Ligand SMILES: CCCCC/C=C\C/C=C\C/C=C\CC/C=C/C(=O)SCCNC(=O)CCNC(=O)[C@H](O)C(C)(C)COP(=O)(O)OP(=O)(O)OC[C@H]1O[C@@H](n2cnc3c(N)ncnc32)[C@H](O)[C@@H]1OP(=O)(O)O
Ligand SMILES: Cc1cc2nc3c(=O)[nH]c(=O)nc-3n(C[C@H](O)[C@H](O)[C@H](O)COP(=O)(O)OP(=O)(O)OC[C@H]3O[C@@H](n4cnc5c(N)ncnc54)[C@H](O)[C@@H]3O)c2cc1C
């Protein structure tokens, strides 16, 4: 018999003014997609051995990793078996697109995540047809496990500064991979330490002493039978982190490690047997895997933020605290407008990121199809937009997940709430796949170029066209959606124009362009993510905003129920559908190994002698 649902949650669900299932269907892309997703979740989550006997927060660093590998093999086998052969690739992608199935199994991400998130996309995007056929067969059947090894101890952002070398030897038709310094060691790649046995390595190619830029190489670094590191390979784990502690991030050093010529992924650039180098049509095509993952991250943020606000909103409907009016009893904390302010932006942002992710994915698919036909025209715009949206959505999600955590008081600080772990996952995304400041400056670089083009009368791409609209200096402000968008366009235009004016001022003062850029870079970052609107408008917007909070209040629980996350996927004592938060907090607390005995051995070993002055 299922446990009794909390009365307050029941009331909230009765008050909801819209059809929750309809919103769930919309988010999934239709009722059939909802059905597919639920069927997939039913199948996979009913698999034995997927969940932790002991909560992983009570395991050692080593036990956590070993337990995660145990679960990963069960999970990925179950996912493979659950795949519906009658579904199209697109239907399958949709079913997993919104599903956070892996989050039900891995609170801190999976030791296989890089295989799926980057190793396979790197092969798909960087290998020629023959290489793709061979490596995709092995990688998709999990005969090999891979990762993406680009970042080094000494370089993450500046790819052109990577020190790992790949020197072509025409006599043996091999590349010699080498880490000339400690800072050249690959450092950070997920799964690299003990899980994967192959990786795509980004290394500086040299032929006859001449630099041929950064190129991708597929490299085996562990024996497929014994899993021992191959000769000339130094491997290890980089240590405990804020999060991602079951992703097995590692380091890898090469000592004159030889690989055959056909291990350079040669879709974009090629090296012939005699060492002739055939340049890529655009050297930045080598960065393509990162562009792809930045696009994926936007959707990932939408899902993770939805998970956090679901936990916090349901908890806020159950938690009663303080007095709003004398003798009126303790209200639900969700009735405090400050609590609504903290949480409802998170609900709205998750939906906004979901729609943005769909739009960006369509743009990515179009540009990628154009690239296949040799048309690179829209690649710069895709790069600029992907940089901006990855940076903005990860920054906002980190802020909003942390706000969800702090809105739950002390219980939000419990690992059993799962909010700290979700924060650890999302805040990492502000750094990986391009540190956010650096990516915003990439977008700023495109904005400055676009404004210069607009000022010389050239047509701009659709996403930059707001820079060429002659926005009247006194825009008639109204708080319609169109009015608000116009207001933002005017602010955005002003930010770019001000940054550019600042750079020109520094150049006139005698600074070189690079120093002028650096001096204006705070403004440039702001131009990529604009901030406030003028004073007078704020009051009007504020009234509208507070009115909106009141309209959302009766539907808040319905809005998060519509994300349709199972309790296993929320993995939270505070966010379960039945709202039995106190019973769950106690159930989880009793699982602490410290509660196995009333008196811990440290009393007799240390405390008692200390308190009796004998230590
Ligand atoms: C559970 C998770 C939560 C949810 C998340 C959901 C999904 C996530 C999936 C997986 C996550 C799992 C694990 C994380 C794994 C992480 C992996 C990594 O971090 S891999 C390493 C990532 N590293 C980077 O991103 C490095 C960032 N640096 C760069 O990209 C470049 O160095 C930079 C900054 C672009 C500069 O490159 P550089 O060669 O110096 O170029 P310039 O600045 O000189 O610019 C020259 C022109 O090139 C254009 N350009 C640059 N990049 C690109 C590109 N990618 N595509 C197209 N064009 C590009 C640039 O615009 C310039 O053009 P103009 O000269 O202005 O015309
Ligand atoms: C959880 C996690 C997982 C990761 N997984 C992988 C992986 O699987 N594979 C992989 O290859 N890498 C991985 N990385 C590494 C990641 O890609 C790098 O950390 C990231 O690219 C930033 O580089 P960095 O750490 O060297 O920082 P740096 O580049 O040294 O940046 C440090 C600071 O300097 C600033 N800075 C740098 N350049 C500029 C500039 N031009 N203008 C202004 N400011 C600048 C940055 O804004 C930042 O504040 C992972 C990282 C994390 C945190």
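Heads up, the Cβ atoms here are built off N, Cα and C, so glycines get one too.
TrEMBL entries are annotated by machine, without manual review.
Annotation source TrEMBL lists domain 'Acyl-coenzyme A oxidase N-terminal' at 19-145. What TrEMBL lists as FAD binding site is 151, 190. The domain 'Acyl-CoA oxidase C-alpha1' annotation in TrEMBL covers 287-448. For 433, the entry in TrEMBL reads active site, proton acceptor. Per TrEMBL, the feature domain 'Acyl-CoA oxidase C-terminal' maps to 530-612.
Sequence features annotated in TrEMBL and their locations in the structure.
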{"residue": "151", "record": "FAD binding site", "DSSP class": "coil"}
{"residue": "190", "record": "FAD binding site", "DSSP class": "coil"}
{"residue": "433", "record": "active site, proton acceptor", "DSSP class": "coil"}
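For the domain 'Acyl-coenzyme A oxidase N-terminal' (19-145), the number of residues in each DSSP class (helix H, G, I; strand E, B; coil) is 89 helix, 0 strand, 38 coil. There are 27 other CB atoms within 10 A of the CB of residue 190 (FAD binding site), with all protein chains counted. According to DSSP, the secondary structure content of the domain 'Acyl-CoA oxidase C-terminal' (530-612) in residues is 55 helix, 0 strand, 28 coil. All protein chains included, residue 151 (FAD binding site) registers 18 other Cβ atoms within 10 Å of its own Cβ. Long-range Cβ proximity for residue 433 (active site, proton acceptor), meaning a same-chain Cβ under 8 A and a gap of 6 or more residues, is found for 290, 293, 294, 297, 390. Model confidence over the domain 'Acyl-CoA oxidase C-alpha1' (287-448) stands at 96, taken as the mean pLDDT rounded to a whole number.
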